[in-house]
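**Student:** Pulled these from TrEMBL:
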- D:86, D:124, D:125, D:126: phosphate binding site (BINDING)
- D:10-140: domain 'Exoribonuclease phosphorolytic' (DOMAIN)
- D:160-224: domain 'Exoribonuclease phosphorolytic' (DOMAIN)
């Protein structure tokens, strides 16, 4: 029995609120239950130094948490003077995941920065970030298309979404909330495209090692869940 | 004529959304028009070192802006590794303003941290932060009272609220939005209590110096506006 | 009764020692009683990036305190690895105050850096800094005029000086020393020009809020005091 | 055809040189071909703050690269003033992997720090680090056992080793060297125990997404390779 | 011929102004010609962690330069966020030099911090710092003796002073000013006690290597010069 | 009697292992007994900003210690976020020493970075670093000569090597190991060229000051030792 009463293959209530921000070229407040992440996409007319004069663009991401997004207030990273290893790991993952579905040559020599800021946390902030950032990125590209800068269909090759799965109380479950996450024996994050291709897999034994069979069960749960997330993304951008 | 069409003594639409955060002891999403600030109050069972064993508590504040709260994306302070001078100046102001209406001895040896994070900026983020942080602080103290830790009436001595006034296009106006703020000749922030006491005055000539008469006109606008803000705070906490 | 025996409207002994530094284009050791600040003006043939190719120059300021300028030794900011919020607030104030009387276009694309280093502190270091920095700036501009780079009269539009006023032991007093400053109920800093224009007002209730009347009394004290400071500046540069 | 002429399931020449360091309680110079990592295990009589008085110990890891371990000299992290996101990600992985086979209660309230310093890099530094760090950890525990501090068999529950696999030139291969790594379409790292349990899986599509079948092939390669690494570890500690 | 017209064995005009600072337990403005350094000695009732409960005290030093102490304005170390290698090297040297003449056990478990801040630089700032810091230290110990904390004669075992010598224009000279220092072929700093013992020698070939004979000539110059400095210290503290 | 049983004028066993690193243009693992330092020379096609367009090149050095190179594990400088004063002092010394035998104009506008990383420490790491870095530099220049970039004989003017001497148990000894170094009364480092010129002398009294005679004895020991080191360098590059 899951603390929330959800079935093992049941994700939390997912929602996307587009155009949450007045200023950003694309933005989305994504909710996976009580996990709320504001994703903004900012277009910048510059690229990292190593891409200059290559004709290619870049998509990058930064991740942050408001100090009281969590049960206990955490020290603000801006005041402690550096981003934690965890923060850097997550923002590198978000950036890689989005770049996997973007044609950087078709984007041209510009950069889109995705900021994923956790307003409220209840587990699964990195998977919510990736899933919501795709919407923000999409809307930023639409904004660019409306100004004849790029063609969305040539730049954005596919959907990308992410979900966590884990073994909680000896049972494989999908979309762990904080209570489950803290107690899970195995914790895995999956990032996949709309066509089912795998972009990233991260599986970690928190307690005892896991078997290949257990891992395949988690992968199966993720495949179903991500298909559902992609469906919700499609409805959101159609809205 | 103001860009927004407002009258010179007309503030933007103000609203307070209490209990915005699931985790914080007190929280409030405050809106001054398109300026949206999430204020959370976090109770911590410790005080700064210099107050240990004095029986007195502390109220402090931190301020931040999401990178794309503004028209142009700003560098994330956590990634640049330090808080700007502006950020530090604002968070020191918020802390001083709230402490002006708190009896730190009645609070006892604990600290309340107010985090003011700007979700969307359109001028006046520091005054919105102070005004909203008072609600978050009030609700945190209510939470404590419900657990018999303190008495709200003994700790919280008065309301505190803040507003900006300035001289825009040669006219004294209240509650400047970003367009006005960027072009104002004089910019002043006022922090006052519910009983009309002045807690903080900051007036700056952006262009040519201002006269005593001009300053008194701004002060008069602020007095009326802050009285209105305090009234709105009263309605909010009564709700 | 003030600890120093001064009258309520009596400033400390003020002195300016010009050309204190062998190397700087302009320099001044300013003393407000036991508060001693060395102000140097350094001409640099560059401007901040955002002014390049605009034809405009810049005036900026940095502030520091020797570790044992104070009663208790303070940690050296260079060794703690960052400037405190207080330091940043003060140096921003000094820069703004001086820029208020400079025609940046007439200065041309160059920067003058004002370094205000407190050799000994006894309250009022920021107001002494502003008042002394004006002398250093003036002398730097004279140095430039002697080399046909600019005309002083076109660049330097007016005097600027600053003084603190506060309510100490229930009485409005001018130019607080450290003993008064630590115990003041209200503390305000005023920056004004030679023609009486107000450049900056900062008033803070340290204890209970203050009234509009009290504030106007402080403003009146400041107006008289700053007129006197400007007179002393005139004598100093005539010398 | 692999650049090195190896077969797809052929790892590079692996060697372990124990007791490489005169001072460390355990140490090992591990070589995976031209990738050379010095792993030292340091026993410290303290634990992280959150474990104090819990009776439990801790195993942690730090990772570094000599500036010219690579083809191009990289900036020294000590002089740039921070560890990169990549460094932090790798050292967190090493620490988690080793802790997966340690009984922290049997270790008692002490910490073992594993330092993995890359002397020369040619791809696969993180997997070589984990595999070599296990030897250093083992030898540190032996050192402790010789002083009657712990029993190795009660603290060290199993072997742990790691290998990278990837899809290079459309073929699944094991133990990628730098040339392969830079060109691989998919890159995965596997950490497993001596009994075949999975501790960590990290798979990343560098170019196009990969399929479940491709991933299972990589997992199969890893299982065989890690079994071989564990066998080599056994020979090394028997020597 | 030296630029200043001095003879090869002639030091610049040396002066000590004691009690320069109102707050410090000991202080001295030392001048070696146009090199002016303010040295303060601050007594603190704590020691570094490694001396706790040993009964021994500590003497340490910090060194800084005002940004415009030099011909070209230098970046303020507090704003660049770290002390340069040169600064750290000098302050380590000052601390070692003073500790060489202090009985740390007789000092007891307290720390004296010597701050040497260069107000104006014209070569030889480190040697002026050491020579002046001895006066500040002496006066701090006198202050302590007046309060029955220590006996000066038991804590301060000897004088210590320092001078630079170098080979300029093929001639060995003493007490190099900036012009000489920038062009010297060999530059050496000597720290010696009142009884002629050598505390520290640092000799560096700036251009071509120097011979043993040349070095002995510099050492001879230093011995005479330091004897003179010690005599001046004696006069100063007798004053 | 020395702890190692060595005679007072006997250095430890010295060895140079050239081409230790696969990637660097020049590299050498130098051993002075149990002190092992890996020196690499990296050629870079850029110079520091102040040398641009001067036709001159630069030789610089960085120094580091693996955390467990020492008896007690030291904090990793990359994770503490800065290099210690000691590290900076040493790397500045290494750079100066090597530049003393390089014709920077003949090198042309390029930079050679020498990285000296201590793999294992037992006293004398800075002198081993200088002595080994000369080999790495030589081999890097040979690499360049083979590509017709420079002529070794025109760039490298002489050998340079370094040794420590000190007074241990009242006896002057050469090449102190850690046990001796920690207990020495006087500690001196000498850097000299192949033709016997002195490049750098650093002598420090750790306990009581030393006399001129004592110093000359140390210098004599160093002259003999360095002649021997230069002989070993000659054999190494001939090999």
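All positions are counted from 1 along the displayed chain.
Each residue, glycine too, has its Cβ placed from N, Cα and C.
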**Student:** Taking each of the binding-site residues D:86, D:126 in turn and counting other Cβ atoms within 10 Å of its Cβ, which one has the fewest?
**Tutor:** D:86
**Student:** Are there residues of the same chain, six or more positions away from residue D:125 (phosphate binding site), whose CB falls under 8 angstroms from its CB, and which are they?
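**Tutor:** Residues satisfying the criterion: D:35, D:37, D:63, D:65, D:90, D:118.
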**Student:** Indicate whether residue D:124 (phosphate binding site) is helix, strand or coil by DSSP.
**Tutor:** coil
**Student:** With Cβ-Cβ distance below 8 Å and at least 6 positions apart along the chain, what are the contacts of residue D:124 (phosphate binding site)? List them in sequence order.
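**Tutor:** Looking at Cβ-Cβ distances below 8 Å from residue D:124 (phosphate binding site), excluding near sequence neighbours, one finds D:32, D:35, D:163, D:164, D:175, D:176, D:177, D:181.
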**Student:** Determine which residues of this chain, when D:86, D:124, D:125, D:126 are set aside, have a Cβ within 8 Å of the centroid of the phosphate site's Cβ atoms, and list them as they appear in the sequence.
**Tutor:** D:63, D:90, D:118, D:121, D:123, D:127, D:128, D:129
**Student:** Could you please provide the mean pLDDT value for the domain 'Exoribonuclease phosphorolytic' (D:160-224)?
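**Tutor:** Summarising the domain 'Exoribonuclease phosphorolytic' (D:160-224) by its mean pLDDT gives 96.
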**Student:** Max Cα-Cα distance in Å among D:86, D:124, D:125, D:126, the residues listed as binding phosphate?
**Tutor:** 13
